[in-house]
Amino acid sequence: MLNPIVRKFQYGQHTVTLETGMMARQATAAVMVSMDDTAVFVTVVGQKKAKPGQDFFPLTVNYQERTYAAGRIPGSFFRREGRPSEGETLIARLIDRPIRPLFPEGFVNEVQVIATVVSVNPQVNPDIVAMIGASAALSLSGIPFNGPIGAARVGYINDQYVLNPTQDELKESKLDLVVAGTEAAVLMVESEAELLSEDQMLGAVVFGHEQQQVVIQNINELVKEAGKPRWDWQPEPVNEALNARVAALAEARLSDAYRITDKQERYAQVDVIKSETIATLLAEDETLDENELGEILHAIEKNVVRSRVLAGEPRIDGREKDMIRGLDVRTGVLPRTHGSALFTRGETQALVTATLGTARDAQVLDELMGERTDTFLFHYNFPPYSVGETGMVGSPKRREIGHGRLAKRGVLAVMPDMDKFPYTVRVVSEITESNGSSSMASVCGASLALMDAGVPIKAAVAGIAMGLVKEGDNYVVLSDILGDEDHLGDMDFKVAGSRDGISALQMDIKIEGITKEIMQVALNQAKGARLHILGVMEQAINAPRGDISEFAPRIHTIKINPDKIKDVIGKGGSVIRALTEETGTTIEIEDDGTVKIAATDGEKAKHAIRRIEEITAEIEVGRVYNGKVTRIVDFGAFVAIGGGKEGLVHISQIADKRVEKVTDYLQMGQEVPVKVLEVDRQGRIRLSIKEATEQSQPAAAPEAPAAEQGE
């Protein structure tokens, strides 16, 4: 009854298996893709009819990791998977970005792609497997889709590109780049790098695109065997007469409106033109569809902007193709934060802060393969006021998570190692104004805020967004694109890096035919823009501050004998708890005996270090210590010395005369000098008050109270 169709092929060092026809047969298409024991089950369901009045393409991509895939039970209270993690959201975006441009213009039927990780090999990341699965399932489904696509991860180890490196190999790699594309063209790139050159990055993109052809070939073969008939879908016929009428009413006016350089003023004028045009046309013919008129007007807008750029005319805001908008760079703008910066580029502005914390502030991530600790956090917030709108304010949306991750990639390469700078660092970027490339403004602001906070980053980094307008063989690459140029252009190309090289590259390409030469021009133009921005940033702050903020915790590190860790922690954590309360510091102890004391007050930190040194000091036989009585028993008293170690003063060692009752001579909490007589093999300490007193003042042995002497 079940008759699966299977294809196997070698992909780099891994074997990939595509299997369909076995499971989820009520879905439009379903594929199980495995790559060396990492298996992802991908389904596609498409609605045969579009919803009435639908004016956008409702594509949803869900990526979900099941902990059973790694042989684990979820660590949450309910012991089941909950809302998507940040990692799952990012991979869902990674799948969505290269497939979305391949659906035909005008196709508005609902399509849902669900990728479920069902088995995982710790060495093989499921993201590439899920992307291959989505491509295969869409190609098999019969839904209008101009695929398939291939996907590849590229590493750079020992000056060599490596296809689909394992997790262990990635630790040695200077590059982690994911590239996806069709047989003819690259569609998406997502990467982080350790400051590689433009040529090295471009080489990785080309290498990945060449290597993924084997994936496309095998999906095509699978479609020949198991593909469903292609849907008989046709785009709505173009109403040439209506298009001409709308153009006659609006094209010249829109062309004039797009010469207004101020964004808000321009948007207001464009809205007036659109509403007046639609009102005029509806007055002429009430049967016209308002949504259709809106789409025609949008197409005219797009054509106006693109044709002007291709003709070499100034851009929307009057700039030439390679000009950067005006920059305003300020640091130390918030008095009590550990580091802050306000970075403004034209009508895009980011208020960025850096906060320093201890290892205890690190984020513990419960991932598929277990827990992982992240000591560098980057959060990006995009409130509705940044574009002059009202809207919901709440948990971050997919876009905010994606932009935050891109900005983090841009800064990661220059962050100091934990052994040199043992702080957890959190950067928050608040986008206060937006008109294009707010994620790259976040990179610039983060670099400034980190230097303002005294974080010893290896170099300043800046980011820039590039755009492309292409018709036939004629193309123009635009530097520092506006929001409108992003929407109306053919490519969104973001590059972050230092003067020495690229730290992050993200590309989203909406058309086929972007050649290596075009990408080379864009990368070189982006380098010039990046260096210009870095020059302006360096005028505001050219190196990390020599000291961290007075409001930031200072971490002091000392080393103790690992055998003494238990003494510092105490029974059930009693000693370390008392220490933190007594000194007002945060104390963390590692297994190798490294102790980190964090405090905003230097004197408190010194006090904590002194107390820890007392606790861990070796007790010297024959030495006199100041002690405190902690317990009184019939046969003597226990006295704490040397940072809390208890020793016994036997009743015979309290005074140089016979003592009947210990409480006649000693009270709880009393401070007394004691001499160490012996430390036995089990670490038990024998003390004497009598000998300590004799050693310091021969005639000053403790005496019974006067009232008792008279009896």
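Placement of Cβ uses the backbone N, Cα and C atoms for every residue, glycine included.
As written in Swiss-Prot, here are the features:
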| type | residues | note |
| --- | --- | --- |
| BINDING | Asp486, Asp492 | Mg(2+) binding site |
| COMPBIAS | 694-711 | compositional bias 'Low complexity' |
| DOMAIN | 553-612 | domain 'KH' |
| DOMAIN | 622-690 | domain 'S1 motif' |
| REGION | 689-711 | region 'Disordered' |
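Around the Cβ of Asp492 (Mg(2+) binding site), a 10 Å sphere holds 21 further Cβ atoms from the protein chains shown. Proximity of Asp486 (Mg(2+) binding site) to non-local residues of its own chain (separation of 6 or more, Cβ distance below 8 Å) is seen for Gly436, Ser437, Ala465, Gly467, Asp492, given in sequence order.
Secondary structure of the domain 'S1 motif' (622-690), assigned with DSSP and counted as helix (H, G, I), strand (E, B) and coil, comes to 8 helix, 35 strand, 26 coil. Counting residue by residue with DSSP, the domain 'KH' (553-612) contains 32 helix, 16 strand, 12 coil. In the three-state DSSP classification, Asp486 (Mg(2+) binding site) falls within a helix. The domain 'S1 motif' (622-690) scores a mean pLDDT of 86 in the predicted structure.
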